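Asks: Mind having a look at this structure? Questions to follow.
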Amino acid sequence: MKCKLYLHAKNLPNVAGLFKGKSDPYAVVKVVKKNQPAIEVGVTEVIKNTLDPRWIHPFIFEHELGTPMFLSIAVMDKIPKETDKPMGSAMLDVDSILGAKGNIKAKKMKGGGIIYAKVTPHTGMGDFNVQLRGVKLKNVEGLFKKSDPFYEVLHLNDGNWDTVYRSEPVMDDLNPTWREAKVDLAILCDGKLASPIRIRIYDFEKKGDHELMGEFETSVEGLISARAFAAGGDVNDTESAAAFNVTKKGRDAGQIFVMRADISGVEEPAEEREAEEAPPAEEEAPPAAAAPAFVPAVAAPPTYAPAVAAPPAFAAYTPGAYVPPPPKPTFVDYVAGGCEINLGIAIDYSASNGKKCGFLPIFLIYSISLLPYTLYLRLSLSI
């Protein structure tokens, strides 16, 4: 079956060097089967100046259930005009990810950091072709500069907005026309054209701290309908109904026009494809006229007398086998699935500062052995 893989990482080591900012990580993914050489599936995009990258580009690969297959993931720091530096690597079992809760698995990488891999079955549903144009976007760059807008498309998944596409920035332009994009419908909206999607416009910053310029919510159907209203590619000839209003904190921040929105690459059902490929049936000559056959007289039907229907018989109840409810997830399941827990602890040391007449701080008094507070904190936080 076809599977799709999503990746993100956290707490990566910074290998950029002193006074060079943060690393620019990307990931190289390979599939490894028993007694076979590793095959490269692809490379993610490079995300600038971050140690917690969330890559958008998914990977599609073939997997046979029950056949051992591993994902070899290597995270690298992109260095222009130099050899890229490794930041961490890990090996994950595909079947264990598919069997995990939420189809996601977290693993500490060799070299530092944690990699999160999510694998789900992939069904080809066609591609969504879209091109957007911004008009009079609000400038957030400053008085003497113009913003460098790019947009992200987010899909609502289990109550969370996941980024599924990111465009390239158009530099110094408040009326940008972005390049045409082709996005897999299975990734964009699980094939549900009416499913809500959110489009956010950002001002690109080299340091990675992109500033939000505005956003709006729609669906694939909404984008296609907006394009159907449009009279042409020229914004001046476009009906106002074809534009989406971009807002930021409830205030207008420009408009987005749809230059193209259509679906391509939809696979036909096997039955229809076979019917189209089947050769046409040969025409048969009409049969010659035959002499009329002898038709015997038919007796008159008996008088209609409705019968009273007997009450339906019900099968005897036979209890089925007891199916126990699924077990509750354990703490280990949450940690393996990438659950994050924020812990805040406040301790009052005022009653444990020793004698009032003493001149040494409590931390020096207990310098040889750990304080009870410190000991219990270490035991708790080490989880």
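Just so you know, glycine gets a Cβ as well, placed from its N, Cα and C.
TrEMBL labels come from automatic prediction, so no person has curated them.
This is the feature table in TrEMBL:
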type: DOMAIN; residues: 1-107; note: domain 'C2'
type: DOMAIN; residues: 111-233; note: domain 'C2'
type: REGION; residues: 266-286; note: region 'Disordered'
type: COMPBIAS; residues: 268-285; note: compositional bias 'Acidic residues'
type: TRANSMEM; residues: 358-377; note: transmembrane segment
Asks: As a test of reading the model: what is the averaged pLDDT for the domain 'C2' (1-107)?
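Replies: Over the domain 'C2' (1-107), the predicted model scores a mean pLDDT of 89.
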Asks: Going by DSSP assignments with H, G and I as helix and E and B as strand, what are the residue counts for the domain 'C2' (111-233)?
Replies: 15 helix, 55 strand, 53 coil
